[in-house]
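A quick write-up on the structure given underneath.
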Amino acid sequence: AGDWLQGPYVYYLYSTYGFGKGEIGQLFIAGFGSSMLFGTIVGSLADKQGRRRACVTYCITYILSCITKHSPEYKVLMIGRVLGGIATSLLFSAFESWLVAEHNKRGFEQQWLSLIFSKAIFLGNGLIAILSGLFGNLLVDSLSLGPVAPFDAAACFLAIGMAIILSSWTENYGDASENKDLLTQFRGAAVAITSGRVHDSFPFFLFAPPLKSNLPCTSDEKIALLGAIQSLFEGSMYTFVFLWTPALSPNDEEIPHGFIFATFMLASMLGSSLASRLMARSSPRVESYMQIVFVISSVSLVLPILTNFLVAPSKVKGGRISFAGCLQLLGFCTFEACVGIFWPSIMKMRSQYIPEEARSTIMNFFRIPLNIFVCIVLYNVNAFPITVMFGMCSIFLFVASILQRRLMVISDKPKMESWTAMTERDPEAEPLND
């Protein structure tokens, strides 16, 4: 709730302070750049100093970011974006790392993680996000408290969350070794990503030649492919977060931001519900059905390009959302449904392929190319039409589907090798179900 309350009103708040699209793009760049620069550091500190402590730090940092939204000063808002970038890095690594470690520490069944992830996305990215969008709409439009009100409400929810963490969570860590400094953790995470045939997988992961480390390297190419897939999808998703407001209101149409956001989250919730049903079955496997999800998401972001060519744009300033905007909204809801499927599915794959001792560090390494991509797009936001930016996102999503195909193929290799060895011993052995 603390995160979702802010989402629909960040762009809107900056525009009410009188900033143009270029300046707003720079503020967004500050957030993603901060996540890129500090993300790996805070991720490694989470593994080293404790994931519970990192989650508390997330709450404090995000509360401070919310407070800065009261100032119309550009420099103050920039500081808020930097704090928000640090908080985002913690949100997308520390919580999941704590959960997986605690789950394993208590000896629960591995299959339960799929259920946990799907329910977390269904409730957190679905129901709570919808309620947050409606609540934000109530604060801004119905009660006329202004666009900064959702940020104040978010700070209150973050404080409640921090109290729950402090009172009920136990601490857990990544690498238990006391003599591993941050540089050693970085090198170990880089080895886990760049070992194997990473350089053949995707150019985002040309970090360095393989390094020597005491951390075990597992999954090699699978980790690199997973990181590339995550970067491509999330990069497109965060670019979409910036673009949907100007795309639906190109002539300053009065659009209900909170209700539209709630609609997006309803679509995401339906997607996560579908993901929970898919992951509960033995077939198709997550590596298989995600190929289709990436293709559908790619097609959905082509819709704004098609409407721009097929539907005559309105030249009337203000007013209600146009017919072209309604068509785009349909495509955006489809994309959000794919987002709802993506989150629990990528969490499931990360729990399988990423080594536990450096989980937060590796997950934040994944965010480096993601943030570079988004920063480049936002820096050139005035140089390209919105249709071109949607086109780039669509291409990247299609590339993600190709990499997902490769991940499925190499994940099947051990099974096929095991079955081949078994048939050599027993020629009448039954074939694999998958």
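Please read every residue number as a count from 1 along the shown chain.
Here the Cβ of each residue, glycine as well, is placed from N, Cα and C on the backbone.
Not measured: the values here are computed from a predicted model.
For 24-43 (among others), the entry in TrEMBL reads transmembrane segment.
Sequence annotations record features per position, and here TrEMBL assigns transmembrane segment to 112-136 (among others).
Here TrEMBL flags 148-170 (among others) as transmembrane segment.
According to TrEMBL, the transmembrane segment annotation covers 223-247 (among others).
Within the same chain, residues 4, 7-8, 114-115, 117-119, 121-122, 125-127, 129-134, 136-137, 244, 248, 286, 289, 329, 332-334, 336-345, 348 sit at least 6 positions outside the transmembrane segment (259-280) and bring their C-beta atoms closer than 8 Å to a C-beta of that stretch. Per TrEMBL, transmembrane segment is recorded for 259-280 (among others).
Positions annotated as transmembrane segment by TrEMBL: 292-310 (among others).
According to TrEMBL, the transmembrane segment annotation covers 322-343 (among others). The list of residues near the transmembrane segment (322-343) in space but at least 6 beyond its ends in sequence, with Cβ under 8 angstroms from a Cβ of it, reads 117, 121-122, 125-126, 233, 237, 240, 244, 247-249, 251, 253, 255, 260, 263-265, 267-275, 278, 290, 293-294, 296-297, 300-304, 307-308, 311, 313-314.
Residues or ranges marked as transmembrane segment by TrEMBL: 364-380 (among others).
As annotated by TrEMBL, transmembrane segment applies to 386-403 (among others). Same-chain residues lying 6+ beyond the ends of the transmembrane segment (386-403) with a Cβ under 8 Å from its Cβ atoms: 201-202, 225, 228-229, 232-233, 235-236, 239-240, 243, 246-247, 250, 291-292, 294-295, 297-299, 301-302, 304-305, 308, 373, 377.
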